[in-house]
Amino acid sequence: EVTRPQKVLVAYDPNLADEIYLFPSRNSAEHWVCKLSVRSREFVNCTFWEVWQRQEQKKYTHAESKVRADKHKRKHEQRVIDKIRQAEKLSPDTSSISNTERIGDIRSNRKAELQNERDSRKPKIQRDVKDTADIIPLHGVPEEDYDYPSYVDELFDDEDDNE
């Protein structure tokens, strides 16, 4: 069974952030080397100074992006508030109408809007009326008949029944 110390002393080499050194007992040269780069490859082969620089840069960048995001969020919220105010101004005064009348009008308004939307989505068919060209048959080639064939005589023919 391994006994682990309650408190340890931690040391690091400022020139290498890949590992730290744990001293389980004070006043002893015995230490454990702990590899940090196994857990995270972000700071592999960096010095602690570079790690601190990167972290400072990340903080700065994060703060800048948060300020920008907050600014855009405020703009968006103000735009939404303006839209709501505009919609409230454009909406008719319904204080004199009873709730049952207002609710009854909802169904007809919804149907009318759905129909308007469907009409706007319909493809608009434009038929160009053009004169057709005259068809000139080739000499010696009989003109084909493109009418549907009539099978009425064959349907009522009794010859097949005897076989």
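Glycine is no exception: its Cβ is also placed from the backbone N, Cα and C atoms.
Residues annotated as compositional bias 'Basic and acidic residues' in TrEMBL: 59-68 (among others). Sequence-distant contacts of the compositional bias 'Basic and acidic residues' (59-68), counting only residues of its own chain at least 6 positions beyond either end whose CB sits under 8 Å from a CB of the stretch, are absent.
Under the heading compositional bias 'Basic and acidic residues', TrEMBL lists 78-91 (among others). Sorting each residue of the compositional bias 'Basic and acidic residues' (78-91) by its DSSP state yields 13 helix, 0 strand, 1 coil.
As annotated by TrEMBL, compositional bias 'Polar residues' applies to 92-101.
Mapped onto DSSP helix, strand and coil, the compositional bias 'Basic and acidic residues' (102-133) counts 20 helix, 0 strand, 12 coil. Taken from TrEMBL, the feature compositional bias 'Basic and acidic residues' covers 102-133 (among others).
As annotated by TrEMBL, region 'Disordered' applies to 59-150.
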Number of helical, extended and coil residues in the compositional bias 'Polar residues' (92-101), per DSSP:
3 helix, 0 strand, 7 coil
